[in-house]
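This report concerns only the one structure given below.
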């Protein structure tokens, strides 16, 4: 290896590193203080995998490959210089940042009680994600020990002098919404590299003891950058150490299908654009055009239920599922309008509308930090509480049906505008309903933490939602205050009119022949030949 491939690090200082094509870089740190017991090297790239190794040629159990990779080296009593090796697994070039952090003999050792991963001491956080959830796993730590000392046994004893006294804290750091750039990632990683920075800049999600599982699930946020950090603490010595931070966008930069650069499908944009325009109409004039409102609400209700059913029961491709969902939504909307037209039961239709508002309100409640409470990770508790909130809202409609219907038009209609905007630019507000949909479709999603960041675009969209909703409600309440509560059913009106004509002999329409008689008479006029009338004379008075 030539000298140009050596990169000198300073403890605690970030260093830019470029790995050449088919090349290897040696990371070196020297002049390590005598009170330092072990070092961790962490190296991060935007999305390319790199291999960190203790040896020049990577060996199983002595190397790790990832976009966020790290190694831990215990120091010998007289050791002052440490080196590691970096390369790419496929021989391509890669660029990233690295940092070496020192720890003393009193600090806990991250991953020192590893029994699952190849490295003997593994300070890495392993991350996996799918459409529904992102899962992180890490190896248990051990209490600290000095240079040249024998590490304490991990599982021989469970007393207060063993690793079982250690506690762990899991943190999240959200990158700016919609920002997939490497520069944003690097600046963010520098804010969460060590224990103090993690505490100052990240949000603590959960704390756990050594008796808990070191595996956690979070709701996947495609296109939203998230950095996960874990801090292990020794409450007896009041010391701590950081695992290697790991990041994800819940999408792939290397995929030509559904990659990070193509998150918004054309079909999704078309679908939610139409939904947003219809919602804007309902928001301001939905109650005035009652049949249109019923169609839109029936469309949304049926489409949501059908999408859940078809996704669970069939392996159809997404665009086909979306098309079938739209078709069934139209059927549901027409069915709701026809049920009102035929039976004239306004209350039944309005209760369905109330269930939609109840669903949205219940989703908002669990979108808050309340949804991350451990008790709601139980499916039975979650769905019982969710259903109770959802059903309670329509009870309001029984006493004030018109006002409840107008409020639903304003709130739900304005939220569809937010969903339409989300089809073009990322906003966390879409996860209000998306998290509930994920929980319906994935039985394991109940264990996931669903917290999402609220950033500038979200506060803007909340303002838009509130302004549209309040404006729509006020406008409709003002316009409808002097009108009947609900328009009458056309079929019921026709039946009433028919009965009135049968019984009211003074009504000129009572003496008119029936429709069939009128048609037969008209046919006779067209088919019969008119007879000549002959000579006529005026009547003499």
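Cβ coordinates are placed from backbone N, Cα and C, and glycine is handled just like the others.
Pulled from TrEMBL:
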- 273-477: domain 'TM7S3/TM198-like' (DOMAIN)
- 270-287: transmembrane segment (TRANSMEM)
- 294-316: transmembrane segment (TRANSMEM)
- 322-341: transmembrane segment (TRANSMEM)
- 348-368: transmembrane segment (TRANSMEM)
- 380-398: transmembrane segment (TRANSMEM)
- 405-426: transmembrane segment (TRANSMEM)
- 459-478: transmembrane segment (TRANSMEM)
Does the transmembrane segment (405-426) reach the transmembrane segment (322-341), going by 3 or more CB pairs under 8 Å (6 or more apart in sequence)? no
With the transmembrane segment (348-368) as the reference, find which of 294-316, 322-341, 380-398, 459-478 contributes the most Cβ pairs under 8 Å. 380-398
Dominant neighbour of the transmembrane segment (459-478) in 270-287, 294-316, 322-341, 380-398, by Cβ pairs under 8 Å: 270-287
In the same chain, who gets a Cβ under 8 Å from the transmembrane segment (270-287) while lying at least 6 residues past its ends? 293, 296-297, 299-300, 322, 326, 402, 405-406, 409-410, 412-417, 419-423, 468-469, 471-472, 475-476, 480
